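Student: Pasting in a structure now, in structure tokens, and then I'll have a few things to ask.
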Amino acid sequence: MASRFPKFSQGLSQDPTTRRIWFGIATAHDFESHDGITEEKLYQKIFASHFGQLAVIFLWTSGNLFHVAWQGNFEAWSQDPLHVRPIAHAIWDPHFGQPAVEAFTRGGASGPVNISYSGVYQWWYTQGIRTNLELYQGALFLLGLAAVSLAAGWLHLQPKWQPKISWFKNAESRLNHHLSGLFGVSSLAWSGHLVHVAIPESRGQHVGWDNLLTTLPHPAGLAPFFSGQWSVYSQNPDSASHLFSTSQGSGTAILTFLGGFHPQTQSLWLTDIAHHHLAIAVLFIIAGHQYRTNFGIGHSIREILESHVPPGGGLGQGHKGLYDTLNNSLHFQLGLALASLGVITSLVAQHMYSLPSYAFIAQDFTTQAALYTHHQYIAGFIMSGAFAHGAIFFIRDYNPEQNKGNVLARMLEHKEAIISHLSWASLFLGFHTLGLYVHNDVVQAFGNPEKQILIEPVFAQWIQSSHGKTLYGFDVFLSSTASPAFYAGQSLWLPGWLDSINSNTNSLFLTIGPGDFLVHHAIALGLHTTTLILVKGALDARGSKLMPDKKEFGYSFPCDGPGRGGTCDISAWDAFYLAIFWMLNTIGWVTFYWHWKHLALWQGNAAQFNESSTYLMGWLRDYLWLNSSQLINGYNPFGMNSLSVWAWMFLFGHLIWATGFMFLISWRGYWQELIETLAWAHERTPLANLVRWKDKPVALSIVQARLVGLAHFSVGYIFTYAAFLIASTSGKFG
């Protein structure tokens, strides 16, 4: 008999119902649960799959380069980045009538095209690409890397080339290689690329493979480097009148500390960026030589952790036992990696708009909005995943004997205090913030706006002032002309910083008031509630007062039947599931805030945000309703326009989102009865009953239906907001 899906589980493949298919898909990546798995095989499978992941990434980026080179207008755009709209790719759609063809033919194209809102044009332009040929070469190179990655993945699945488990558990070697090789050398390479290729290109001098080795990036060559006169490299920077990509107003410096933005491109100085990456490279290359490997010198991570015991004895065993716990648990490692990556992704969102590093991207408002929103949503999912794997660690990998009295054990011992404090913080934030908003709504509705409770964010304003923002009149640190730091800053470090922080043409340290104070606390409510659910899910994953043996039930279970009342909805998976709704809710508030504040600033109408954001009806009416008007006016006498596709996506996103509730607010019995009725009718319908199926159709399990509901909710939520964001921004600014 032919083997049936899933091959990795003999038991599941013999299941006579459709459960076989869904459970097979659900556990396909849970390698730990597969038949015949050993620890070594587990590590080897994951290792090989990383090469597949790299191949997908290289193929995807290659496709971006290829389609822009083939169907885009990169060369025309780079002649006039502020007025030509960048084209992502052509649209081939046989259903397009003449009005649609006209509506979507833009950016100087001869037929319908999509406009690029990803920022890749600005990114490629900044790093020195100027021609379609260079884009094609990049696409080909990345295609080659994808092929190499696939070959490496296949190779590392062959018995002869599979690394041993001791290699995977060699923490010091891995850390050294990642610090020095991954971060250090790649930062050095990027700094080198900026100095040798991007900076000359920004000054109108093309550097290609033909003249790379003969063109000096700095007139003094390497002499100042070897003689220790490194400051020579920072002398004669580009002037404030420099025109990007030309020699007009350009200097010769390659490593600077100017601060602020290039006046024309409104992006960070390339010479500052090169300096930053060189410094990072030096630090990380040194850091990658800290840990003890073959030569018997350097730190042992085990020794560091074992000796981290707090003095006095009042805080337990500190980090004792953590080395083996961490080094033997992939879920622990993944949890830490996801937590770090999630924070970094959110920081990317915050820094891409406040300190834009790509030329002219700050003036492409739709791209700025899209990139901020994209990175914040990604960060939300990644951070939630960190807690999910933290919970799985506690269920599958945590050994109480190994961790007696250390920080992990102590976290579990006083989890009630942690959870109740988080709960208190969430309740406090929720009631007070909502109370203020609702009060303001009521007095607005009764025609007494002067009775609103408006609180100035004085502490945040003070922090902004200490960084040099003079608007609030605090006269402290960098905003005080009497401060030594202020004087040093004029010439010694970051002379351009104070000009930038006090300029109204960028998003650096935006002016804040009562509306910001309120929405800040609304976001804090969302963050604390999401964290509460995730932390409780992880800390209660092994057991709780209600269900002390929860660990035996695994990560996801619906209930333990009627004999133990109240054991439904308390698995670690349920906490994760609930937290995702709160996470989406929170990121929604974050992106609403960012977008509305920037729309007001970009339109030169900051008062709109300041006056309407202090009460809920202001958000609903002046942000959501006002900006979705172009998407919900349906058919009009003017016919098709370039926002029509977003209007359709806005509608379709709502549909997907609403479909989620069908799975979330109906129970299994309903579906089972419906399925049986449909199957009964099918078997008795002529012609239809010629089609048979082997598996008995059964309803999704409770956990599966929740997952399907959550997936529709999330996808619909994001699609709807993406369409709203791009249409409302591009409709105003192009």
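Even glycines carry a Cβ here, placed using N, Cα and C.
Pulled these from Swiss-Prot:
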- Cys559, Cys568: [4Fe-4S] cluster binding site (BINDING)
- His654: chlorophyll a B1 binding site (BINDING)
- Met662, Tyr670: chlorophyll a B3 binding site (BINDING)
- Trp671: phylloquinone binding site (BINDING)
- 46-69: transmembrane segment (TRANSMEM)
- 135-158: transmembrane segment (TRANSMEM)
- 175-199: transmembrane segment (TRANSMEM)
- 273-291: transmembrane segment (TRANSMEM)
- 330-353: transmembrane segment (TRANSMEM)
- 369-395: transmembrane segment (TRANSMEM)
- 417-439: transmembrane segment (TRANSMEM)
- 517-535: transmembrane segment (TRANSMEM)
- 575-596: transmembrane segment (TRANSMEM)
- 643-665: transmembrane segment (TRANSMEM)
- 707-727: transmembrane segment (TRANSMEM)
Student: Counting only residues 6 or more past its boundaries, what in the same chain has a CB within less than 8 Å of a CB in the transmembrane segment (517-535)?
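Tutor: Long-range Cβ neighbours of the transmembrane segment (517-535): 384, 387, 418-419, 422-423, 425-426, 429-430, 432-433, 436-437, 455-457, 460, 575-576, 578-579, 582-583, 585-586, 589-590, 592-593, 613-614.
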Student: Cβ pairs under 8 Å only, please: of the recorded stretches 135-158, 575-596, 643-665, 707-727, which one is richest in them relative to the transmembrane segment (369-395)?
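Tutor: So the stretch in question is 575-596.
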Student: Can the transmembrane segment (175-199) be said to touch the transmembrane segment (135-158) if we require at least 3 CB pairs below 8 Å and skip pairs under 6 apart in sequence?
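Tutor: The answer is no, given that the two segments have fewer than 3 Cβ pairs within the 8 Å cut-off.
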Student: Near the transmembrane segment (707-727), which residues from the same chain, at least 6 beyond its ends, have a CB less than 8 A from one of its CBs?
Tutor: 26, 117, 366, 369-370, 373, 377, 577, 580-581, 584, 588, 591, 595, 627-628, 630-631, 643, 646-647, 649-650, 652-664, 700
Student: Please compare the binding-site residues Tyr670, Trp671 by how many other CB atoms fall within 10 Å of each one's CB, and tell me which has the fewest.
Tutor: Tyr670
Student: Of the binding-site residues Cys559, Cys568, His654, Trp671, which sits closest to Met662 (chlorophyll a B3 binding site) by Cα distance?
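Tutor: Minimum Cα distance from Met662 (chlorophyll a B3 binding site) across Cys559, Cys568, His654, Trp671 lands on Trp671.
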Student: Provide the number of Cβ atoms within 10 Å of the Cβ of Cys559 ([4Fe-4S] cluster binding site), excluding the reference atom itself.
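Tutor: Step by step: centre on the Cβ of Cys559 ([4Fe-4S] cluster binding site), count other Cβ atoms within 10 Å, giving 15.
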Student: If I take the alpha carbons of Cys559 ([4Fe-4S] cluster binding site) and the residue listed as 'phylloquinone binding site', what is the distance between them in whole Å?
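Tutor: About 19 Å separates the two Cα atoms.
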Student: Between Trp671 (phylloquinone binding site) and Cys568 ([4Fe-4S] cluster binding site), what is the CA-CA distance rounded to a whole number of Å?
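Tutor: Here the two Cα atoms are 19 Å apart.
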Student: Who are the long-range neighbours of the transmembrane segment (575-596) in its own chain, taking Cβ under 8 Å and residues 6 or more past its ends?
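Tutor: Those are 353, 369, 372-373, 376-377, 379-381, 383-384, 387-388, 391, 516, 519, 522-523, 526-527, 529-530, 533-534, 536-538, 540, 609, 613, 619, 623-624, 706-707, 710, 713-714, 717-718, 721, 725, 728-729, in sequence order.
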Student: Restricting to the same chain and to residues at least six past its boundaries, which positions have a Cβ under 8 Å from a Cβ of the transmembrane segment (135-158)?
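Tutor: Residues packing against the transmembrane segment (135-158) from afar: 44, 47-52, 54-56, 58-59, 61-63, 65-66, 68-69, 74, 124, 129.
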Student: Sort Cys559 ([4Fe-4S] cluster binding site) into helix, strand or coil using the DSSP assignment.
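Tutor: DSSP call for Cys559 ([4Fe-4S] cluster binding site): coil, neither helix nor strand.
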